[in-house]
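What TrEMBL records for this protein:
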ACT_SITE  175  active site, proton acceptor
BINDING   7, 8, 9, 10, 11, 12, 32, 95, 118, 119, 120  NAD(+) binding site
BINDING   82, 88, 120, 151  substrate binding site
DOMAIN    1-142  domain 'Lactate/malate dehydrogenase N-terminal'
DOMAIN    147-299  domain 'Lactate/malate dehydrogenase C-terminal'
Ligand code: NAI
């Protein structure tokens, strides 16, 4: 199986590294616009192969999409990341043009491709790919919920003083500081609701820290994070490559699910060899549903800035 990763920057390279380390693909092609950058990252990563024990072949190209031909999955990470104090939504001006152009090149060379959208503002970029690629909707998946849920579990484990493997939880709705919806009502510690362990102050702490998880790292790093985003993408690519039918929250085009249509928002879905095998409908409390609807309203406003 061949995977293309467009954007050989922080997230793209981390994603390629995790995919190679798990050794479930035959080939990863890195593409970047910066002369020699993807080739350099690919060579550096290939020189870890004998050290880390993988056989995945990683190659790089400066914008030659013929090298991506026949990709089963393509990951779009190209574009600019945010700087401290910026919102993801502020990136739309530059990133929309990049994502549109990259999508055209990918589909031209791999008409059967499944696209995972990472570039921000991700829900809006996923929507743009739906509107411009001509691909069926089960083949376009936005990455946000997998990462946000990992950050939720990190904060849950911290507040519970428990090992991360003991906790489970999911984040849905928008991949934005305000529109993220960590589902505390459904989070568990070894099957027991976490609300039985955490007082109101700790519950509020977990929710707030999860929502600003990306911004906290951007402040510390001076740019946005890459290890957890790369790992989250690799989990999604593996679910497709190995037909795992794994439930992962992803930003998907909705058609009535959770009361929304013609919008990409984070919902739980079964991910397998066809991309989105199905969307899972879970019951939300009235408060959660109201927050989901509010998040949709905000994303719809950002989508309104797109020019096709
Ligand atoms: P980066 O700046 O390290 O890498 C981006 C790369 O894209 C650069 O190497 C750049 O040369 C390349 N690029 C720009 N235009 C291109 C084009 N037309 N074709 C090919 N390559 C092109 O940025 P980083 O940190 O890797 O972030 C990438 C994107 O992912 C940002 O928009 C960021 O906000 C987003 N992101 C999304 C996350 C999510 O959960 N959805 C998590 C983390 C980052």
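Cβ coordinates come from backbone N, Cα and C, glycine included.
All features noted in TrEMBL, drawn onto the structure.
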residue: 7; record: NAD(+) binding site; contacts (Cβ under 8 Å, 6+ apart): 31, 32, 76, 77, 78, 79, 118, 119
residue: 9; record: NAD(+) binding site; contacts (Cβ under 8 Å, 6+ apart): 32, 77, 78, 81
residue: 11; record: NAD(+) binding site; contacts (Cβ under 8 Å, 6+ apart): 77, 81, 118, 224, 226, 229, 230, 233
residue: 82; record: substrate binding site; contacts (Cβ under 8 Å, 6+ apart): 88, 90, 91, 120, 218, 223, 224
residue: 151; record: substrate binding site; contacts (Cβ under 8 Å, 6+ apart): 171, 210, 213, 214, 228
residue: 175; record: active site, proton acceptor; contacts (Cβ under 8 Å, 6+ apart): 88, 120, 121, 122, 123, 142, 144, 145, 147, 148, 251, 266
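In the shown protein chains, 29 other C-beta atoms lie within 10 A of the C-beta of residue 118 (NAD(+) binding site). DSSP assigns residue 151 (substrate binding site) to a helix in the three-state reduction.
The binding-site residues near ligand 1, defined by a Cβ under 6 Å from one of its atoms, are 11, 32, chosen from 11, 32, 151. Taking all protein chains in view, 25 other C-beta atoms sit within 10 angstroms of the C-beta of residue 32 (NAD(+) binding site).
Taken residue by residue, the domain 'Lactate/malate dehydrogenase N-terminal' (1-142) breaks down under DSSP into 68 helix, 28 strand, 46 coil. Of all residue pairs in 7, 8, 9, 10, 11, 12, 32, 95, 118, 119, 120, the annotated binders of NAD(+), the farthest apart have Cα atoms separated by 17 Å. Mean pLDDT of the predicted structure over the domain 'Lactate/malate dehydrogenase N-terminal' (1-142): 97. For the substrate site, whose binding residues are given in the record as 82, 88, 120, 151, the maximum C-alpha distance rounds to 18 Å.
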